[in-house]
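What follows is a short report on a single structure.
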Amino acid sequence: FSLSVADPESEPVVPAIVIGPKDTTVVAGNEAILECIANARPVDRLLVSWKRDGRRLSSGKRLIIPAPTSSDTGLYVCEASFSNSTAKPVETKAHLTVMEPPSLTAQPKSKIFGELDRNAEIPCLAAGVPQPRIEWYKDTVPLSKLANPRYKVSAANGLTVRRVQPGDGGIFQCFARNPAGEAQAQTQLFVSSVPPTFASPPSDQTVTDGNTALFTCQTNGAPKPAITWRKGSNEVLASGSVQVPRFTLLQSGGLQVQPVSFQDSGEYTCIASNMEGTINATATLTVWNRTVISVPPTDQRVIKGTTATLKCDATHDPRISISYKWERSGMPVLPTSGGRVSVRQGLLTISQTWSGDIGDYTCTVTSQAGNDSRPARLEVIELPHSPRSLTARLNDSDSRSVLLSWLRPFDGNSPLLYYVLELSENNSPWKVYLSEVDPAVTKVSVGGLTPARTYQFRLCAVNQVGRGQYSAETQRLMLREEAPSAPPKNIVASGRTNQSIMVQWQPPPEPQLNGVLRGYVLRYRLAGLPGDYQEKNISSPETNYCLLKDLIIWTQYQIQVAAYTGAGLGVYSSPVTEYTLQGVPTAPPQEVKVVAINSTTIQFTWNPPPQQFINGINQGYKLLVWPEQSPEDVTIVTITPDYPSSRHTGLVSGLKKFTWYYGSTLCFTTPGDGPRSPPTLVQTHEDTPGRVRRLSFTEILDTSLRVSWAEPEDKNGIITGYMLWWEVPNVESSREEHSLPNSTLQYQLTGLTSTTVYTIQVAALTAAGRGVVTSSTISTGVPPELPGAPSNLVISNISPRTATVRFRPGPDGKTAISRWIVEGQVRDDGKEEEWKVVYQKDNQPDADTLEIPDLTPFTQYRFRMQQVNIVGSSPMSAPSRLIQTLQAAPDTHPSDLSLLSATQTSLRFSWKPLSESEYNSSPETVGYRLRVSKTDSQGENRNEDVKGTGGTSEATLEGLNPFTQYQVQIQALNSIGPGPWSQTVAAQTTESVPSGSPVNVTAEAVSSSKILLMWSALPQSQKNGVILGYKVLYSKKDSEGPPSVQVAEGEGSVSLLLGALQKYTVYVLQVLAYTRMGDGPPSNRILLRTKEDVPGPPVRMVFPEVRLSSVRVVWQPPASPNGIILGYQISYRLDSRDPLRWTTVEVGSNARQFTVTGLSSEQSYVFRLIARTAVGWGAGQEAVVVTTERRERPLPPRKLSVPQDEVESRQLRIHWVTGGSASSPLRYFTLQIKELPNGDWKTHTADILHNMTSWTVDRLKPFTSYKFRMVATNDVGDSIPSRETEAATTLQDVPNEPPVILSVKPTTTTSVLVHWKRPSDDSVNGVLTGYRLYYRELPANASTLTEAEVQTTKNNTTKSTFKTVSSDSLTEFELTQLKKFRRYQIVMTSYNIIGESPPSNPVEVSVGEAAPSVAPQSITVSAVSPSTLEVTWDTPPLETQNGLIQGYKIHYWERDQQNQSEKVKVIFVPDTRVHLTNLSSYTSYLITLTAFNMAGDGPPSDPRGARTLPSAPSQPSLLSFSEVTGGSVNVSWGAPLSPNGQVEGYRVIYEPTSPIQGVTKLVTVDVKGSWQRWLKVRDLIKGETYTFSVQALTVSYGPPIQANITAQPVKGSPGSPMDMSITKTSSDLTIQWSEGDVGEASVTGYTIEARPSDEGVWDSFIRFLPPSSRSVSVPLERLRSGISYEFRVIAVNSYGYGQPSAPSAALAAMSDRPFYEEWWFLLVMALVGLILILVLVFTLLLHGHSSKYKACGTGKHVSTAEESVTLDNGGFTALELNSRTLNTKNSFLKKNGTRSPPRPSPGGLHYSDEDICNNYNGAVLTESTTLTEKPTEVSESELTDSDYEDEQPKHSFVNHYMSDPTYYNSWKRQPKGLKGIGTSFGYEECATADTEPYYQTVVTQHSTGGSRTPVTGFSSFV
């Protein structure tokens, strides 16, 4: 053991505090010392320091604070450590407390005065550390000892002496003490007395009934005053000793009234008193009735979207106003600006309610008289939400049911009543399957479904409101397939041939099919016999028929059919039985014998064929006989089988005599004939011969003649000789007979008697006997002559083809008539053809009636006849009348039926129409009918009537099946019936697109991006060509763009796998077939959803709210959800921390935002958001966010550029530099695009990632200029748009569209002209350079193309020759140097510098014949009749015909009316002349001609014109009457609508409708010229009704227009003017009147009429005086001297002329009488006349002594007088009255009641008047007078009524004797027997006549006394 002592300083010792500092307390200002002793080794490294609050103060063991203050109070730390050491120091702590002595912060004044009963405040407050304690003393006695409760010490205020009393006076002291020291203060309190004063007197109060009224009454005074309250002047309510209930005296002196009643109203007085005095104050109390809610709001339950109304009403004091306020959950309800919420007084109305309106609503009424409030509950119920998560799955235990489950939806605040379940079967419309599902369940089993069908389900909930929205549809679920549970239906079997049966059926009912129909199994066996079935498998489900072949002839079979699916074979149908058809016999009849039994009959005998060789039901036998030399002339006789007999017999009659025939027989069944028996040669028996021919006589002498003849035409055997007889008729003893050998054909008869008629007969002989006798007569010595012509032809019994002619035979020419010949002449369109022989009849010499056969129906004939004897033919008879045969059906069919063109569904044919002679009927009834049938006999024949008439030569059959062979026939038809059918013409429609769509289309989702589609091939009947393949069209449901297309090439393709589809997306799928002509219709749409997958990332993740410690993230669902989103996951972490340390939160699928809290400020966080489907979590979206409040919108991208080398035709790439993010990270960019020059800015791409700096812009148009700009987006919002780029132009691309070929027409035999339409500008995609025409020759028989050949035509430009058109402006091009008679296919493309467009649709054309290039030549048009034009022309030059001219088309129309009247007539070669019929008369027509051939129509010729001839016009267009009075009327008429020529004039005829006094007078007036269409008639009898008719005249008169008029003023016209008077002066005549009855309308004027004594008829004198006129003056110059006048006035209104006034007295115009009116001149003239009469009588007595006079009529009768007047002034018609051109001053002469005949007037008038029987004094008088006068020009001034004559009329001798009745009788009356002599007189008019411009006047008068009826303006001289 050893001991060693180490140096203690050599070992280090860690610092340790040996003596630590102590807690220390010091007074402020005194030094404070803290000490700390530490130990360590080595010492020199020991460091002791002091700290406070982590701040170093000093070092050393002692801390000295010289003058500490309260701020130095705290914890001090002493630390011991080694210097330059990183070891943790040791420390200890001590607390330093610094105290401060008290100081008074508030102290009382030295003196304080206190009022009695008032509080006195003595303040005293102190501060110090620690807080000083306050003690009070009164008069050196601590207050605590005094224990006075009125002394209150408060730390905040000091001492309060409450209710100071006199004993409170004294010295009060305040002491403040703490450990640091003490402070004090003192004051003296003095107490004083004061009289009462009001500090707060009472004021008027208004209080609501039931509330509390409080009157203040605060007083001051010492001592405290006593308070007393009084109401009114007496009643004490409250005082120190009085207390009334409800009235309380308050400590303050106030008065409280509680509760207040209405009776408390009044004045209240407060009285305050103390020893110093008394005061009072008065206030008024007003009590209001309380405001209360009388009608509180009630709880409401309304349906969402409807209007809720909460009503609140209150009663209140009328002296106040109230206000209503509505609150909901404590928040006021305010009206909305849109009016959805409105508050009116107490009525709260909320429209369009929704769930946000649910809550408790409080109605509060506020007023000065109190407030009141009442609550009500508003519930908003709505339709329930759709059930969620509806899923369907197959039921494993039941293959025909599905299990459904769902989540209960929101009930719409109304309990659910039930669910409604609907299903869709195989995409059919939705239908209700379960109508009421218990609302408590969330799963159900749906049974009774059909196997192999797809089902979708949807569910909706129903509550009190109604039915909610349907849930999302379930995925389409397909049930498992099963075998069909029902057999095919409607099975029909029919024997097709003798060895085949056609079986047809329909598929099983769809509900029992139980799957996809795959085909059928047909089994059959012999009926009624045991044996196995033979089966046929029909693997095509579309096939519903089967032809069983190689069966036994005429045998019954039993047949069954079953359907099968993929799951197996279904049940067989019930068996049907059917026979195979009969066959034709295979053996001929046996033991056939053929013998002739007479000269025309052959007999057959035979045995039937063996039964086994008949092969059916024996329908009979056919006996066949044909001449040895004419095997084609077969006679067939059918014999019905005689079953009981084994030996059959048959006869064939009607054969030629003595002729060799072959005979054979056969057996036949329904299908046809069996083989013939071997032919047997047999000859018919010999028979008597026919009549000899050409019997004639020569060498005719007195006793001899020579007879000659020829052999019979029908020998009927071997001629052995002839018999000759001759005899004198009716003398039997004269008969002689002579036999001649067969070689003798003439004989000389001798020993005859001269000039005797003999009958000579000749007959031929055979072994069978004598033949038919030929007879004739001849007279000896008298040679026969030519016969005479027949006469008296009468045609009867007319039928379509025959007519009977009856006639009187002509002289026979002294010999028998041997032949009758009938000739006919056809009349066609007014032209008569040459006479032709239509019928001959021999050996009927005594005939007088013949039936003419073989006439043409509906044809006009005339017939003539001639008769023939042995000498020759007679002359032709006179022609018969023209007859027309009846109509009949056409006899023939149109010829040259040929195919012009074919399309996919139509065939156009042409033919040569029937000529008009073949119509057999009226041309308007002729038409044509086409019959078309399929060559394969599938389908029924179809007849189609051709529109048009008999000239129609082309027609198109529409509605045919494409790519089908047809047989076509044509027939003509008319109103009687159809004609025969033509031969069939084969034609085929062109290939087309398929007419049907694939069937049995099914689809299956293979994965989330693939679908397998399957279908069945197209049926043959719907292919319409060679199927090149199938196209699958697919698109997303509800997408607007065109669907995508995938092609499965080849007709055998029946499935296609679609890939690269979007996940969990519903696709619309369709399949179509296509041929080289295009696509067929698509199949029905199939909706199928791809399978679910994980979703894509959520989009639009932004952070709209960012705080220092929280972030709100907002997002939208993924753009590719790929399924049903079940939820979201939000993960976040600090950007600077471990990337794997995420904080994760999951939210529901409906969440769109989430707020993350507890974040650190000013930190960057990374957020990641992912979505989840049933498959799993998808891809995430990450974003960085900074927790800061300094955020702004970002800066836009900069330096946008588009490099030219990255520009393509439909896309380009844009580059940019990112702008600043403004403390908020960028989220995405938006690209905007503007199409130049006029486009608007549009958003192109909205979600470009924030870290991108370039982007490919697609979906651009080629060759288009664009500008671009961008917008950056962060959490705050969008930046301003960036600067736009320079314009960038995309490159050109190939054109999208080809030109559209409009037509391809052959121009020559080797060229065609192609005409097209330019593609749209939008599709050119650049600068269009030109076009290419591809053409290739098609095979001769396009219908035989194989599928491989058709496949090569998919690209129509393959192996084609092409021509380039280098101009884009051209629209036509001629392809030349083609091969003749070949068919070409032509397609076109458009091209630019980039390339060609797709080809156009192909057009096919036949080359070899082109339309003629030149119109017909030398065209002439001439008029033939009023309705016919003749057109002639020459054919076009041969070199321009371009083929064989078929005919011509004549287009003709009325000039200037081409569109309304154009017609076409077709003429076929060789005709070059045509009559255009049924035209309008006197009408100009224009005609053009075109030639046509098989290729089409040539160009039209220049129009040629002609006018048809005139004809009779139509009736005038109107007939009207005006100015109707009792004796006159103005007749007006319109021009004819169809003048049919130049109108030459009109004829007016009028007569009374019934006889007038036994006489009916018919007056006819002819008006020359066409412009004047009126006539004034003045000879009517008042009250009588007349019939007027007017006819127009061209070449003849047309039909009349008629109307009746009654000669009396019309109803409503004025009455008679009154008080008419006349005054006369030396120069004037004044007529005066007064107004009468105005009628039913106001008077418009007056007319003055005058009646001269020499005329006797009223005529217009002055016309149209103003309605205000009551008088008029007339110069006397207007009156003729020596004539007396009567005047009358007529008023006129809008209804017409009224009743005339009473006539005035006759007034004479006096003048000097000329000499011939003196009595002596008249006496001389009478003596001269007497002498002349005596001489004339004497002459008549000498020469007519024996004449007898006859009367024309006896007894009473109705006589008819006819008058005829022709008016012609060369264009102006005038009927003169006396010496006037028109009806001015007319003069009539009267004597013995008769009128004188009128004298002629200058106007070229023609008058004709015939009185057939006029009795005049017992003498017969016949007059016929004609006057012709030259026209007189009438000036315009003469046509005015207001003008007067310029000079007095000059009298002359002639005029005087034409007008004076004294001398008229000597001219008019003549003795019986004198012949009337008509004389024409011409003279000049002596006086100027006034005229009327518009009216003619005809005045007639008839006298039954026998005088003529004169017509005004005419004279007769006899």
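Including glycine, each Cβ sits where the backbone N, Cα and C put it.
Note that the coordinates shown come from a computational prediction; the quantities given were computed from them, not determined experimentally.
Region 'Disordered' is the annotation TrEMBL gives to one range among 1344-1367, 1824-1847, and that range is 1824-1847.
Of the candidate ranges 102-192, 588-687, 997-1093, 997-1093 contributes the most Cβ pairs within a distance under 8 Å of the domain 'Fibronectin type-III' (386-482). Residues in the domain 'Fibronectin type-III' (997-1093) partition by DSSP class (helix H, G, I; strand E, B; coil) as 3 helix, 47 strand, 47 coil.
Across the range of the domain 'Fibronectin type-III' (893-992), the DSSP-based residue counts are 6 helix, 45 strand, 49 coil. The highest tally of CB pairs under 8 A with the domain 'Fibronectin type-III' (1298-1410), across 102-192, 290-379, 789-888, 893-992, 997-1093, is held by 997-1093. Summarised as a single figure, the pLDDT of the domain 'Fibronectin type-III' (487-583) averages 89.
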